[in-house]
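A.B. asks: Pasting the feature list from Swiss-Prot:
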TRANSMEM  12-32  transmembrane segment
TRANSMEM  106-126  transmembrane segment
TRANSMEM  128-148  transmembrane segment
TRANSMEM  163-183  transmembrane segment
TRANSMEM  203-223  transmembrane segment
TRANSMEM  241-261  transmembrane segment
TRANSMEM  271-291  transmembrane segment
TRANSMEM  303-323  transmembrane segment
TRANSMEM  326-346  transmembrane segment
TRANSMEM  372-392  transmembrane segment
TRANSMEM  396-416  transmembrane segment
TRANSMEM  449-469  transmembrane segment
Amino acid sequence: MTAETLIASLQLSMPELILAVGAMALLMIGVFSGERATPTVTGLAVAVLIIAGLWLVLKTGEGEAYGGAFLSDPFAKFMKVLALIGSITVMVMTVGHARSAQIDRFEFPVLLVLATLGMLLMISANDLISLYLSLELQSLALYVVAAINRDSVRSTEAGLKYFVLGALSSGMMLYGMSLVYGFTGHTGFDEIAAALTAEGRSLGLVFGLVFILAGLAFKISAVPFHMWTPDVYEGAPTPVTAFFAAGPKVAAISILVRIVINAFEPVVADWQQIIVFISIASMLLGSFAAIGQRNIKRLMAYSSIGHMGYALVGLAAGSMAGVRGVILYMLIYMVMTLGTFACILAMRRREGEHVEGIDDLAGLSQTNPFMATVLTILMFSLAGIPPLAGFFAKYFVFVAAIEAQLYGLAIIGVLASVVGAYYYLRVIKVMWFEEPRGEFARTAGELRLVFGLSGLFVLGYVLIGGPLGTAAEAAARTFF
């Protein structure tokens, strides 16, 4: 690698370098900041993420870096912006709640920055080795974050479960990568696609593909690799759960799209069957398993499993319309989920106790009409009721599936959506038609800002959907 190519590579990966250097600097600042360490480091972490985002949007060009292992293209840029917005939002949500959520440690924002760095590298990965390294960087930070509340048995259990199952999924994925490398002789996505076109598929290669897809399905908590999700969502502190539900899902879906559309495009018939099965299983389990839930964080866990199933409908189509649908679905899903978790974080009694039961929302329309109204809008949107953003998200992926002649998949998706609407409507019924059980403490300004903006986005998507759709189409065109 010459000096010129190295400089060009560094310029393309500047947002990632900003996060890497920023994380190391924040660690040093945290050590020497004394009692004010957590708010100081959290504020600076938000600033680092914003600087990286601005550099990404305004300065970063397009092209390959580090010998083709890193790729900067419109798709990567769009998904990186989503991941950064998710991370910044979670940081803002935790500013006033670190102590009450018992995550009052300066390492927390540093670990979130490192996890975000892993996400950005993952989205730009164009090689199996760079994919694995970035995935592990993200995962190792998240294992610690899940168990960061050492005084809570639930949090420690969540971290341990996530670590054991995450290590297993990483091992499966690595084994799949070794099979793909063994049968093609390459680790780069473009070279793998070229080898598959020239030589055709073999049984060993299909096994490798299955193991890689299984590892990534774990990261997006798709069935049958979803077992960790309800326990980790319930056990981890609420800001951590909000983080899990946003950025990492965006990054994992992004690399899943890049692998199947780019590297394994010549064997579309093989991976399409796998994606269709995972999608149907996730939609059905997400819809039916959530019906009996009494804890709102567990409900959101099953909701996220179902939503990943809907997102995979677009990927199964394998077309430009399908990829565009996936991109828009992840954008809308992230906004709805972060808004909902801001409301969950605001579920705090006057005595300071955080509550998570759906029944604790009883009579919220009388005690906090603004929060009840926003949460109602978000629940309707998650259920896919028109004309809210959630309806358009599902519409785009179902239309792509119909255009790809996957009629059965689209029909099952619509039916699962109808079943799923029940448990969202149950939350609305509890808020508006039951007597209050007590008032929540005054909602913090940053939480009101987050769920207010997300409610506004969901309501106003019908007006701003055009430019977002154009941007998503430009990102999807990267592959076609």
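Each Cβ is built from the backbone N, Cα and C atoms, and glycine gets one as well.
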A.B. asks: Taking the transmembrane segment (271-291) as the reference, which of 241-261, 326-346, 372-392, 396-416 gives the largest number of Cβ pairs under 8 angstroms?
C.D. replies: 396-416
A.B. asks: Please indicate, using numbers and ranges, the residues of the same chain that are 6 or more beyond the transmembrane segment (396-416) and have a C-beta under 8 Å from a C-beta there.
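C.D. replies: Residues 276, 279-280, 283-284, 286-287, 306, 309-311, 313-314, 316-319, 321-322, 324-326, 328-329.
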A.B. asks: For the transmembrane segment (12-32), what are the same-chain contacts with Cβ under 8 Å, counting residues 6+ beyond its ends?
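C.D. replies: Same-chain contacts beyond the ends: 38, 40-41, 44-45, 48-49, 51-53, 55-56, 59-66, 70, 72, 80, 106-107, 109-110, 113-114, 116-117, 120-121, 124.
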A.B. asks: What stretch in 163-183, 203-223, 241-261, 326-346, 372-392 has the biggest tally of Cβ pairs under 8 Å against the transmembrane segment (128-148)?
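C.D. replies: Counting Cβ pairs under 8 Å, the winner is 163-183.
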A.B. asks: Quick test of the contact rule: Cβ under 8 Å, at least six residues beyond the ends. What residues does that give for the transmembrane segment (326-346)?
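C.D. replies: Sequence-remote neighbours of the transmembrane segment (326-346) are 75, 78-79, 82, 85-86, 89-90, 93, 97, 101, 238-239, 241-242, 245-247, 249-250, 253-254, 257, 296-297, 300, 304, 307, 310-312, 314-315, 356, 371, 374-375, 378-379, 381-382, 389-390, 392-394, 396-397, 440, 443-444, 447-448, 450-451, 453-455, 457-458, 461, 468-469, 472, 475-476.
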A.B. asks: Under 8 Å between C-beta atoms and at least six residues away from its ends: which parts of the chain pack against the transmembrane segment (372-392)?
C.D. replies: 303, 307, 328, 332, 335-336, 339-340, 343, 361, 364-365, 417, 420-421, 424-425, 427-428, 431-432, 451-452, 454-455, 457-459, 461-462, 465
